[in-house]
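Chemist: Take a look at the following structure, please.
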């Protein structure tokens, strides 16, 4: 996968050379390049922002600088090109006002050949930038990573990149390690809690069933704990489950947790 990142702080992404991300680049699974948006400016101050039209606080990133940069990285030969060239990357902008980035989005994007991320700063980027490239046939995505605001898009891009790339075949040393993770697959739940040795630490024991050697009981315990944790922390995920896909033990557990499971989707009895 090829990944291009545009930022006024490209050095921020040197962290991508560490850990599994760095190993994936060394193996040729990833090619990551960070570009400095100021390289496409033409004034002595290398300005990338201007005051907001209509007034207001802060500064807004200028569309003409972004367009020169994106035209080049997207392979547009001239501004009048009427459609995106073949093989155009998916163009992604972090935006706190956009839809939430989810594991499903990460899974979809992990199959892409080329991703291009644009990092906003200040009050953000001119809204015409994503609108224009959508009109040219580019697959433009805008995502939020949560209900909070950051100083810029670099942190959000790093979060999305890690979520996406770790799902690529060959990225993880043990591919089974992502199978039972939180939010993974259809009927996604939060993951069960994890333990390691020693069996007793500071008076707190690992649950006995995990030491039993009975894989069936261990699997059931973990599944029940995942259901219980999800019901407590993210009941919306329980409510989205397909009751037809639940086995008898799942139904029993959810009923004990106060959920009704006879309809298409579980419903809390207190609702």
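Quick reminder: no glycine exception, Cβ is built from N, Cα and C everywhere.
Here Swiss-Prot flags 120, 145, 146, 147, 148, 149, 150 as S-adenosyl-L-methionine binding site.
Have a look at these and tell me how they're positioned relative to everything else.
Modeler: Listed in sequence order, the residues of the same chain lying 6 or more apart from residue 149 (S-adenosyl-L-methionine binding site) and placing their CB within less than 8 Å of its CB are 96.
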Chemist: Pick from 145, 150: which of these binding-site residues has the biggest number of other Cβ atoms within 10 Å of its Cβ?
Modeler: 145
Chemist: Rounded to whole angstrom, what's the largest C-alpha distance between any two of 120, 145, 146, 147, 148, 149, 150, listed as binding S-adenosyl-L-methionine?
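Modeler: So the maximum pairwise Cα distance among the S-adenosyl-L-methionine binders is 17 Å.
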Chemist: Among all the protein chains here, how many other CB atoms are within 10 A of the CB of residue 148 (S-adenosyl-L-methionine binding site)?
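Modeler: Counting Cβ neighbours of residue 148 (S-adenosyl-L-methionine binding site) within 10 Å gives 7.
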Chemist: What's the number of neighbouring CB atoms sitting within 10 A of the CB on residue 146 (S-adenosyl-L-methionine binding site)?
Modeler: 11
Chemist: Just to confirm: which same-chain residues, 6+ apart in sequence, have a Cβ under 8 Å from the Cβ of residue 120 (S-adenosyl-L-methionine binding site)?
Modeler: 61, 93, 94, 95, 152, 153
Chemist: Within its own chain, what residues at least 6 apart in sequence put their Cβ under 8 Å from the Cβ of residue 147 (S-adenosyl-L-methionine binding site), listed in sequence order?
Modeler: 96
